[in-house]
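Under the heading NAD(+) binding site, TrEMBL lists 10-15, 35, 40, 91-95, 132-133, 166, 277-280, 347. Marked as substrate binding site by TrEMBL: 162-166, 221-225, 261, 268-274, 339-340, 443. What TrEMBL lists as active site, nucleophile is 277. Residues or ranges marked as domain 'UDP-glucose/GDP-mannose dehydrogenase C-terminal' in TrEMBL: 333-448.
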Ligand code: UDX
Ligand code: ADP
């Protein structure tokens, strides 16, 4: 099957970058990204590529090259579905906030709406690809909806989970460790798998393209994220022990990381992991395990989340304790709000929870993040519903200049590992702060001895 037209439903952090790279690497394929959110689509179409709605290093250049050639952004979902041979579903699958599975299961309502829309609109055979992270066996549900409500056309469902990490999305897409494609073992299933393999083979070596059954593919995505998150919780657990024993978690991480069986990546102790995937996927895994009565499996993975919550709480408690047991009316400057560097995404960022704790203690928070807007910061806090929006607005402010954010502060908390923080004029910052001037480095980013030489009281995670 020769693929000439594909579309992607959902122009978010996954759909946007993934389709931009496919379009760049496959100029012979027309790629249309659609979304219900007209504002988001308008931003993707903004004449100035600096204004696209997602910040990822290198993405603006790729969009600039392919947009209008074979990459299109539109709100006309029906038209894109009707015209395409392959339809990627890349919509959000947040944790349920209501009903059965509340706080744990993935909310599949957006996926189901997409399936129903595809079923209604499709007039010829389609390959439907799950891109969003989904509970294992979701493909079966999508298939059932498509087969029972469609117009008698044939649908093949593939699972093709995305492994890109935000901040390095473009590099991850250009040079993936692997591409995973799950599909049916039938003749039609094999043809559909091959069609998608051929798309990726335009730039990915074939030995990096794995094909499996649908369920293995769906579960591999959850498993990969659970393993990565578990490494972070494991090193964070050790960070607390290091603080009590005089060991240094960076040294421990280095020593164990040199064991080739363990490896050195994802061993950086921090204020806790954030992002839209790790917590959601583990909760989802826990829910699935419980639903099969596998309570020990569920408890095992849930501990990764418990440890992560503990790490965030421990960080805010330590700030309060160190500042003589009160932060009431004290200015605490946050360097960073995004869940990691090089992204404007703030979903589940540790900064949100640390700020919430400190505001409970009546602190005044001043945030500087190079890519996150004041509105986003307030929205994130309001979403927790801990207090009124007016109370949040009077407790937190944001600055476009880091030196202003730190001026007169009693303490600085580093919440995101943005490179630029390292090269600031720390003497100037010190001079403008209340004394003693504290730095709580939640990312072990800054040079502690240098800061101490200036006069700061410096505390890192795990040493
Ligand atoms: C993750 C997976 O890495 C990716 O494969 C999947 O497709 C989506 O989920 P992402 O959430 O974008 O990607 O970023 P990641 O780099 O994994 O970082 C997640 C969180 O863990 C961040 O808050 C990061 O700061 C934190 N982290 C990461 C640590 O605290 N320590 C580490 O050693 C690594
Ligand atoms: P992700 O990180 O998984 O990409 P995002 O929330 O960034 O998640 O993006 C998901 C996008 O999917 C949002 O822009 C949302 O508007 C869009 N979306 C959700 N449901 C539909 C739908 N039925 N049709 C079109 N777009 C949808």
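Note that Cβ sites are derived from N, Cα and C of the backbone, with glycine treated the same way.
Locations of recorded TrEMBL features on the structure.
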residue: 13; record: NAD(+) binding site; DSSP (3 states): coil
residue: 95; record: NAD(+) binding site; DSSP (3 states): strand
residue: 162; record: substrate binding site; DSSP (3 states): coil
residue: 225; record: substrate binding site; DSSP (3 states): helix
residue: 269; record: substrate binding site; DSSP (3 states): coil
residue: 277; record: active site, nucleophile; DSSP (3 states): coil
residue: 339; record: substrate binding site; DSSP (3 states): coil
Checklist entry - Residue counts in helix (H, G, I), strand (E, B) and coil for the domain 'UDP-glucose/GDP-mannose dehydrogenase C-terminal' (333-448), per DSSP? => result 47 helix, 20 strand, 49 coil
Item to check | residue 162 (substrate binding site) and residue 13 (NAD(+) binding site), distance between Cα atoms, whole Å | outcome: 11
Checklist outcome for this item: Confidence over the domain 'UDP-glucose/GDP-mannose dehydrogenase C-terminal' (333-448), expressed as mean pLDDT on the 0 to 100 scale, is 98
Checklist entry - C-alpha of residue 277 (active site, nucleophile) to C-alpha of residue 269 (substrate binding site): distance in Å? => result 18
Checklist outcome for this item: Between the C-alpha atoms of residue 165 (substrate binding site) and residue 95 (NAD(+) binding site), the distance in angstrom, to the nearest integer, is 19
Next on the checklist: Cβ under 6 Å from an atom of ligand 1: which of these recorded positions qualify? The list is 10, 35, 92, 165, 277, 279.
Outcome noted: 165, 277
Next on the checklist: Taking every protein chain in this structure into account, which of the recorded positions 165, 222, 269, 277 has the most other Cβ atoms within 10 Å of its Cβ?
Outcome noted: 269
Checklist outcome for this item: Whole-number Å distance separating the Cα atoms of residue 92 (NAD(+) binding site) and residue 162 (substrate binding site) is 13
Next on the checklist: Quick check for the class: what is the C-alpha distance, in angstrom and rounded, between residue 222 (substrate binding site) and residue 35 (NAD(+) binding site)?
Outcome noted: 25
Checklist outcome for this item: Among the binding-site residues 165, 279, 339, the ones with a Cβ under 6 Å from any atom of ligand 2 are none
